[in-house]
Amino acid sequence: MSGVSVTKAAEDAAPAGADLVVLSNVNKHFGALHVLQDIDLTIASGEVVVVIGPSGSGKSTLCRTINRLETIDSGAISIDGKPLPQEGKELARLRADVGMVFQSFNLFAHKTVLENVMLGQIKVRRTDKKLAEEKARALLDRVGVGVQADKYPAQLSGGQQQRVAIARALAMDPKVMLFDEPTSALDPEMINEVLEVMQQLAREGMTMVVVTHEMGFARSAANRVVFMADGKIVEEATPDQFFSNPRSDRAKDFLSKILHH
Amino acid sequence: MEAREIVFDFLEGYDLLGAFWVTVKLTVYSALGSLIWGTLLAGMRVGPVPLMRGFGTAYVNVIRNIPLTVIIVFASLGLFQTLQVQLGGGGDFEVINFRLAVLGLSLYTAAFVCEALRSGINTVPAGQAEAARALGLSFTQVLRLIILPQAFRAVVNPLANVLIALTKNTTVAAAIGVVEAAYLMKDMIEAEAQLILISAVFAFGFICLTLPTGLLLGWVSKKVAVKR
């Protein structure tokens, strides 16, 4: 049983280049605020999409709608051809295939680092405990926090905690990884260690949606940059195109504020 | 030696330890019952099903506002004498009354356990549940594996208060003839002349039960606190 569920993601993974995440005509309101306005976005398998934009532009909300941590008012979202189901077993199964990394890490505070990375495998994938531990240790080594396995999250630095959070998400063999401002809560000297792990993931062909303010990461790792402002996608382009020759005034204004200081 | 025997000779012929043992049994069974039922109620109150949320809220607000004496007396007069609920006591009044008292105490105390626990759930950051849901855990798994373990650690001290109150509330069981400490005290006050000493002995007995409870759980509370 465990063998089946572990290999499941690999077996029916979409071929590289096929549409993996599709948002069409998505709208969402927070009270009077129209936070997502007619969002159309398609993310292909193996693609790294970086979403940037000013604060309050709706980019985090967009990221959170993809695994339905935020509900939408209208439109449709599908992952690997399946529309997002209502809250329940179906949705839980789908979320297991979508890895998520949060700004505030959100490691389970009462469990050790190792237990954090084992929990989803055991409780959701029904993986054998021993296999789960092996995999967890391998992943922790891979993100460079293997020696911290038996500590509690509060004993780790922010950068270490975020790398554990990435390992926790990867342990589920996700089809796509969502990063919601993964470095925004980190001290400057810890940002790079997290970005390096993400760069490595991108090189290995993981499908990624990354909401970030790290322009360097966008330039070097993204296949595509999506620029959002006021709840709308204003511009989509390759990083080269976007950073050297933005088309919209809104993007020009944004870039002029962050790149020259 | 001689003097002490004379001062405390009013205790002779009474099963003081036996009465306090009944108090301890009432407390332990009711504590377990109320912990289980109170946890379920808290789960209902934070759950996604409106009907269960409504039931949990209504239960807590009704039960905690009824005097315990009324609940215990209703258990005896209403459940047992009117509806013939014997809780498997097989006609043995002593057993039936004890079980009814445990039932009443559990139902009553569960309302307070639920509210203590709910305040503990509020101390767990929303991100913990979000991360758990994002992994694909179901609502009950999130509650059982992530939220409640952290909530319980946050409310050891409030739960200790509830337990101490429960220990003292067991005295209400005397109203339906359960021979625990307060029942025996009433007997002794009627038969002996040492009113102040009798009261002091029973007060001391209860302090012996509750003081260690408070100290122990205070220590446990520090020991299990979740560091963030």
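Glycine is treated like the rest: Cβ placed from N, Cα and C.
Keep in mind the model is a prediction, meaning the values are calculated, not measured.
Features reported for this protein in TrEMBL:
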DOMAIN    B:20-217  domain 'ABC transmembrane type-1'
TRANSMEM  B:20-42  transmembrane segment
TRANSMEM  B:62-83  transmembrane segment
TRANSMEM  B:95-114  transmembrane segment
TRANSMEM  B:162-183  transmembrane segment
TRANSMEM  B:195-220  transmembrane segment
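The recorded stretches the transmembrane segment (B:95-114) and the transmembrane segment (B:20-42) share 3+ CB pairs below 8 A when only pairs 6 or more apart in sequence are counted, and are therefore in contact.
Under 8 Å from some Cβ of the transmembrane segment (B:20-42) lie the Cβ atoms of residues 56, 59-60, 98, 101-103, 105-114, 116-118, 121, 148, 151, 162-163, 166-167, 170-171, 173, 178-181, 205, 209, all in the same chain and six or more residues away from its ends. Away from its own ends, the transmembrane segment (B:62-83) comes close to residues 96-97, 100-101, 103-105, 107-108, 110-112, 115, 169, 172-173, 175-177 of its chain (Cβ-Cβ under 8 Å, at least six residues beyond either end).
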